[in-house]
Amino acid sequence: STMRNRKTTDSSHSCADLNEGKEKLRLKQEVGLISGVSLIAGTMIGSGIFMSPEWVLHHMGSPASSLLIWAACGVLAMFGALSYAELGTIIKESGGEYIYILRIFGSFPAFLFAYTSVILVRPAGLAAVCLSFAEYAVAPFYPGCSSPQVVIKCTAAACILLVTIINCLNVRLATSIMNIFTAAKLLALLVIVVGGLVLLAKGQTQSFQSAFQNTAASIGAVGVAFYQGLWSYDGWNNLNYVTEELKKPEVTLPRAVMIAIPLVTCLYLLVNVSYLAAMTPSELLSSGAVAVTWGDKVLGSWTWLISLSVALSTFGSSNGTFFSGGRMCYIAAREGHMPDILSMAHVRRLTPSPALMFTSAMSLIMIISGNFTSIVNFFSFVAWFFYGMTISGLLYLKIKKPELPRSYKVPIIIPIIVLLASVYLVLAPIIDQPQMEILYIILFVFSGVILYFPLVRFKCHPRFLQRVTLHLQLFLEVAPTTRD
């Protein structure tokens, strides 16, 4: 196939190309430290902190235990990101978990990850964020009643189409929007934090009296609470999906992680304290939109600022999710695990537009068929299964390949902790509260076997696909890319 021929091009061909004056097509390195921090923090701070607190409290049963879950989620995200930073300095390629699994474990598990991620996980994550954006964006138009599902889903679809256009037009435009929206959402969270500190100073501490009372103890409840909390931290690994587009990745990747994740963790804890200062646990549990309820109690007639802030926050998060999710699809296609057309970039704009369009299409399907809560649980189960596999790959490299050059090393105890947490998060809900949906997800993951052997292993590609690829190339103005 054209992909395989492209990948086996040796250095002599490269020299010949250069001598002939041909310019190679590749994505630009336009993501610096500030954009890197914005990509991580901007994707993490999305809908979760505005929608998940009531669910964490619901499963844990007490304010203090829910705060411990939020803190533990932040530590786990930090440990995971530091582990990934070492992987990113060993394997300096874009693609995140996919490229690490491919280089360490081989083609078959990498294909299963790519298949699951491109078809299910990444589109589901984007759909969930856009649905939450739509709920807050249309809420002011339906005061006193719930918004119609048709309106919510149409608004979410419009959000997906808008971020698709932005990301297809220009990488710098997409990163600039990320930077602007990250600053806006940090300001919104600071407003909530300051409001909470004022309430505490006035003596509103009733939620913190007997704070551990009614704490849940079952492993399943703690596991599902972690799912809801970790959803708010999802995005800690996003920079690894665009390693090839980073300026000085060996420096930028670890630094961006060390700045973004502690910042987000501190904000999340303070925001949760602010929610509990403004509301009793029972009020928080009965709130359909925690941030809006907080706004009603603290800001009064200015509560519309919260709805606006949440809408801006979730839109910025959807942009970051889409930015990295499209790269996942692009890299998998470049390695021969997806159709060739998805590995190409626009000849002038230098964006992976076919992969972005495909991710957009899958997300639109998810919006039609899904709802926020179910999407979060399914996303978390599959994601942490593959996070665990990736971390086990890092442990293998640390033990078996210590001689590999790396500019950053994480203490071995940190990936061990992340691996144990991954095993717990995958197994706890299955053991404590088994659901048929989890079985369906497992069957979906392994259904990739049916596609892998004929299409990837034995390369049985129908001839008409080559014609389709050629016509799409001409129509979309895209061409194959090379890499360093």
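From the backbone N, Cα and C atoms, a Cβ is placed for every residue, glycine too.
A TrEMBL annotation is a machine prediction, not a hand-curated record.
What TrEMBL records for 31-52 (among others) is transmembrane segment.
Listed as Cβ neighbours of the transmembrane segment (64-85) (distance under 8 Å, sequence separation of 6 or more from its ends, same chain) are residues 40, 44, 53, 56-57, 96, 208, 211-212, 215-216, 222, 225-226, 229-230, 232-233, 236-237, 240, 253-254, 257-258, 261-262, 264-265, 268-269, 272-273, 387, 390-391, 394, 408, 410, 414-415, 417-418, 421. Summarising the annotation, TrEMBL assigns transmembrane segment to 64-85 (among others).
Summarising the annotation, TrEMBL assigns transmembrane segment to 97-118 (among others). Away from its own ends, the transmembrane segment (97-118) comes close to residues 87, 91, 237, 240, 328-329, 331-332, 335, 337-338, 358-359, 362, 382, 386-387, 389-390, 393-394, 396-397, 444-446, 448-449, 451-452, 456-457 of its chain (Cβ-Cβ under 8 Å, at least six residues beyond either end).
Under the heading transmembrane segment, TrEMBL lists 154-174 (among others).
Sequence annotations record features per position, and here TrEMBL assigns transmembrane segment to 180-201 (among others). For the transmembrane segment (180-201), the list of distant contacts is 37-38, 41-42, 45, 49, 267, 270-271, 273-275, 277-278, 291, 294, 298-299, 305-306, 309-310, 312-313, 315-316, 319: same-chain residues at least six beyond its ends, Cβ to Cβ under 8 Å.
Nonlocal intrachain contacts for the transmembrane segment (256-278), taken as residues 6+ away from its ends with a CB within less than 8 angstroms of a stretch CB, comprise 33, 36-37, 39-41, 44-45, 49, 53, 63, 66-67, 70-71, 74-75, 77-78, 81-82, 84-85, 186, 189-190, 192-193, 195-197, 199-200, 204-205, 207-208, 232-233, 236, 239, 284, 290, 293-294, 297-298. TrEMBL lists 256-278 (among others) with the feature transmembrane segment.
Here the transmembrane segment (298-318) has Cβ contacts under 8 Å with residues 42-47, 50, 126, 129-130, 132-133, 136-137, 139-140, 159-160, 163, 177-178, 180-182, 184-185, 187-188, 191-192, 195, 199, 235, 278, 289, 291-292 of the same chain, all six or more residues outside its ends. The feature transmembrane segment is assigned by TrEMBL to 298-318 (among others).
Residues or ranges marked as transmembrane segment in TrEMBL: 354-372 (among others).
Tertiary neighbourhood of the transmembrane segment (378-397): same-chain residues 80, 83-84, 86-87, 90, 97, 100-101, 104-105, 109, 113, 116-117, 120-121, 124-125, 128, 227, 230-231, 234, 237, 404, 412, 415-416, 418-419, 422-423, 425-426, 429, 437-438, 441, 445, selected by CB-CB distance under 8 Å and a gap of 6+ residues from either end. For 378-397 (among others), the entry in TrEMBL reads transmembrane segment.
Per TrEMBL, transmembrane segment is recorded for 409-431 (among others).
According to TrEMBL, the feature transmembrane segment maps to 437-456 (among others).
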Would you kindly list the residues that approach the transmembrane segment (31-52) from elsewhere in its chain, counting only those six or more residues past its ends and only Cβ-Cβ distances under 8 Å? 77, 81, 128-129, 132-133, 136, 171, 175, 178-179, 181-182, 185-186, 189, 228-229, 231-236, 238-239, 242, 245-247, 252-253, 255-257, 259-261, 263-264, 267-268, 271, 289-291, 310, 313-314, 316-321, 323-324, 372
Beyond a gap of at least 6 residues from its ends, the CB atoms lying under 8 Å from the transmembrane segment (154-174) belong to 27-28, 30-31, 126-127, 130-131, 133-134, 137-138, 245, 315, 318-319, 322-323, 326, 346, 349-351, 353, 356-357, 360, 363-364, 367
Let me spell it out: take the transmembrane segment (354-372), skip the flanking residues so only those 6+ beyond its ends count, and list any with a Cβ under 8 Å from a Cβ in it. 47, 51, 118-119, 122-124, 126-128, 130-132, 135, 153, 156-157, 160-161, 163-164, 167-168, 322, 325-330, 333, 341-344, 472, 476, 478
For the transmembrane segment (437-456), find every same-chain residue at least 6 residues outside the stretch whose CB is under 8 Å from a CB in it, and list them. 107-108, 111-112, 115-116, 120, 336-337, 374, 377-378, 381-382, 385, 429-430
